[in-house]
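Student: One structure follows; several queries about it will come next.
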Amino acid sequence: MGLSYQLLLCLLLCGGAKQCCSQPLWLLPGGTPTPGKLTSSVEVECLEAELVVTVSRDLFGTGKLIQPEDLTLGSENCRPLVSVATDVVRFKAQLHECSNRVQVTEDALVYSTVLLHQPRPVPGLSILRTNRADVPIECRYPRQGNVSSHAIRPTWVPFSTTVSSEEKLVFSLRLMEENWNTEKLSPTSHLGEVAYLQAEVQTGSHLPLLLFVDRCVPTPSPDQTASPYHVIVDFHGCLVDGLSESFSAFQVPRPRPETLQFTVDVFHFANSSRNTIYITCHLKVTPANQTPDELNKACSFNRSSKSWSPVEGDAEVCGCCSSGDCGSSSRSRYQAHGVSQWPKSASRRRRHVRDEADVTVGPLIFLGKASDQAVEGWASSAQTSLALGLGLAAVAFLTLAAIVLGVTRSCHTPSHVVSLSQ
């Protein structure tokens with residue numbers, strides 16, 4: 001009763017059990033509490049993958065030594081180690097052994113088991129000198145920390161390996177159907193129609209990336225420096241083809257961050273007998289959370305408002321499209337035609353660019369208007385039919401002439417009459 005009154009008074013004065021008792025109360029059979037002297041008799045060492053429990057044989061602090069064989073760790077009856085010391089008993093077990101249970105909390109992994117003291121009667125007598133006791137054992141490991149006693153030593157990936165990993169990005173440029181759902185199977189288009197182009201990058205295991213079309217130049221051959229040429233996209237993402245009498249533009253919004261779609265009015269090169277077109281575009285990616293700027297943008301020219309508008313970001317990033325001064329360190333191919341205008345390894349010079357590549361779609365066949373093609377086809381068919389008719393007439397005339405000539409010759413041949421004598 002004295003302990004109960006003291007505990008009640010402490011609770012009223014201090015307002016909590018933690019202030020009243022610095023150690024947990026161990027409950028014996030019958031519910032009788034005893035002060036936490038057992039904690040000073042039991043020591044637990046939590047290692048990286050195991051725990052070590054050291055128990056004083058004077059478990060209850062009464063001077064009465066317990067027997068080592070009366071102690072077990074966990075319900076699996078893990079026995080103590082053999083020790084030459086007479087005053088302590090030691091257990092050593094893996095974290096998953098001796099009935100250890102693991103509990104995951106918000107900030108820790110808690111492994112718990114119990115140390116059991118089950119006294120046996122004194123040999124030859126039916127009496128006990130000590131009480132039964134259950135001592136909870138816990139090991140707590142922070143979830144956000146280093147479990148090992150050694151410091152973490154990071155291994156940096158070599159630069160060549162990093163580059164190889166980045167180069168696993170796969171860029172593509174495809175000619176699409178009008179609904180953007182499937183790739184167009186036929187490469188043929190006519191003047192007055194629209195070519196639907198889709199640039200895309202397969203990011204694989206990379207973090208989310210945002211794709212940009214830096215520039216695009218069509219040529220009559222796969223050589224991107226060939227002549228004649230025409231510029232569709234320039235100045236790091238300005239679709240300058242929309243400045244001419246066309247409705248070429250980027251599609252808003254994007255279908256995905258790693259995809260960019262744009263339309264181009266079909267054209268052909270003047271004074272060129274070739275109808276094939278190869279479109280080479282320089283594609284690049286940046287982190288998806290990076291804000292578009294003058295070097296990374298997708299801008300279209302709005303003919304109705306006579307202004308530039310971006311696919312995403314602030315409209316100010318498109319302000320340089322009119323002047324062509326978009327932070328480029330070299331002259332644009334739109335300003336001066338030359339082989340060196342396509343920079344190589346630009347990702348090494350601009351740190352904010354993760355990766356980039358030149359991709360080509362073609363050959364695309366851009367013909368005249370479909371109606372013109374129909375007229376030309378009808379004229380060509382008529383000419384073919386006329387030539388065929390004249391040829392047949394000539395053959396018939398020659399055949400008739402040969403027949404007449406043969407008949408004439410047969411009429412002028414003399415006949416010989418043979419008379420037989422009687």
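Cβ coordinates are placed from backbone N, Cα and C, and glycine is handled just like the others.
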Student: According to Swiss-Prot, which residue among C139, C216, C326, C411 is joined to C281 by a disulfide bond?
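Tutor: The record-listed partner cysteine is C216.
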Student: Identify which of C46, C78, C98 is listed by Swiss-Prot as the disulfide partner of C139.
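Tutor: Between C139 and the options C46, C78, C98, Swiss-Prot records the bond with C46.
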Student: Annotation N-linked glycosylation site per Swiss-Prot: which of the candidates N289, N302 has it?
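Tutor: Per Swiss-Prot, the residue annotated as N-linked glycosylation site is N302.
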Student: Looking at Swiss-Prot, which one of C98, C238, C411 makes a disulfide with C299?
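Tutor: Between C299 and the options C98, C238, C411, Swiss-Prot records the bond with C238.
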Student: Would you count the other C-beta atoms found within 10 angstroms of the C-beta of C216 (disulfide bond) for me?
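Tutor: Step by step: centre on the Cβ of C216 (disulfide bond), count other Cβ atoms within 10 Å, giving 26.
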Student: Please state whether DSSP places C238 (disulfide bond) in a helix, a strand or coil.
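Tutor: Note: C238 (disulfide bond) is in a strand by DSSP.
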Student: Below 8 Å Cβ to Cβ and six or more residues apart, same chain only. Which residues does that give for C281 (disulfide bond)?
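Tutor: Set apart from C281 (disulfide bond) by at least 6 residues yet with Cβ under 8 Å, we have L173, A199, V213, D214, R215, C216, V217, V233, D358, V359, T360, V361.
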Student: Check each residue in the chain of C139 (disulfide bond) that is at least six apart in sequence and keep those whose C-beta is under 8 Å from its C-beta; list them in sequence order.
Tutor: V44, C46, L51, L95, V110, Y111, S112
Student: Quick one: Cα separation, C299 (disulfide bond) versus C98 (disulfide bond), in Å?
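Tutor: C299 (disulfide bond) and C98 (disulfide bond) have their Cα atoms 67 Å apart.
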Student: Find, among the disulfide-bonded residues listed as C46, C78, C98, C238, the one whose Cβ has the highest number of other Cβ atoms within 10 Å in the structure shown.
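Tutor: Result for the most crowded candidate: C238.
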